[in-house]
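So that you can see what the record holds, here are the features copied from TrEMBL:
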type     : residues : note
DNA_BIND : 42-85    : DNA-binding region
COMPBIAS : 314-328  : compositional bias 'Polar residues'
DOMAIN   : 40-84    : domain 'Homeobox'
DOMAIN   : 87-288   : domain 'TLC'
REGION   : 295-340  : region 'Disordered'
TRANSMEM : 96-116   : transmembrane segment
TRANSMEM : 136-155  : transmembrane segment
TRANSMEM : 162-181  : transmembrane segment
TRANSMEM : 220-239  : transmembrane segment
TRANSMEM : 259-280  : transmembrane segment
Amino acid sequence: ILGLMQLFLGNSCRFIAKPCAISLGIQDSGPHRAQPNAILEKVFTSITKSPDGKRLEGLSKQLDWDVRKIQRWFRHRRNQDKPTTLTKFCESMWRFTFYLSIFFYGIRFLWTAPWFWDTRQCWYNYPFQPLTSRLYYYYILELAFYWSLMFSQFTDIKRKDFLIMFVHHLATIGLITFSYMNNMVRVGTLVLCLHDASDFLLEAAKLANYAKYQRVCDAFFMLFGVVFIVTRLGIYPFWILNTTLFESWELIGPYPSWWLFNGLLVTLQVLHIIWSYLIIRTASKALVQGKVSKDDRSDVESSSEEEDVTSNSTKGVFSTSSNGSNRLNGHVAGGQWTGE
């Protein structure tokens, strides 16, 4: 199934996402490329991609270049290998399609499930609960998707929240696998559906950002923030953790895997709190100041020329890269795109 998903990803990007991006005016052009220089290229590939002050001074004397010019060269060189806006648009469209489809599939399936309306039903007759075909495919699709995210994280640009995202994917895969092996699929479907409720809104905001529909992007992000906080800080602890911590203990007792299962669920809640803080902080800055600073997780760095131009001006909610397009690898400036 993981292989089929990767095949579908490739075809959807080629035949659907790419034509949509081109029709919206998104060009397949990368950041400004560094001018060829054998000495700097050798340092970049063999020694360091971010030289310190002492090395910069040495290179400045060797090349008779200004230190600022050398810094600009390394900045451009780091950026030129990174994905284009078109590539990121295709990736976000793929994720948007999956999140939206799996969310509506989960809602349609759970609407007629008794444990959706009464969480105590998750533990009646446990572990002798039937595994229907719809439950099975729901679980397998979610598991394959998160495995694909786990693998792609090591091939994508490494961001500063790499460790947090790695823990998130690891905890999610562990929960899906563990709950399936222990036939806790009823409560597992509730967790999956709840997490999918806000993810497609974030991807929609990214798509609008890449297409430069600023107001649409801001609206989707604000909606995402509200849904994320309500579901992750409200519904999740009072609905999911309540049934796994207390109702399960009351109905079936302290089963051997109770501590591990709930430990993973609590780990997710800790991540929810961290991301909610980032969302609230970014939204507050946007509302109070009318702008936010550049995202530390951005995979494309500002050029020196851009720094000179923007140091005394306001660029709105999103910072703009040196070639004029919003280039934040799926993440809004100032942390507006959180780790999800």
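Heads up, the Cβ atoms here are built off N, Cα and C, so glycines get one too.
Across the domain 'TLC' (87-288), the prediction's mean pLDDT works out to 87. Shown for the domain 'Homeobox' (40-84): DSSP residue counts in helix, strand and coil, namely 32 helix, 0 strand, 13 coil.
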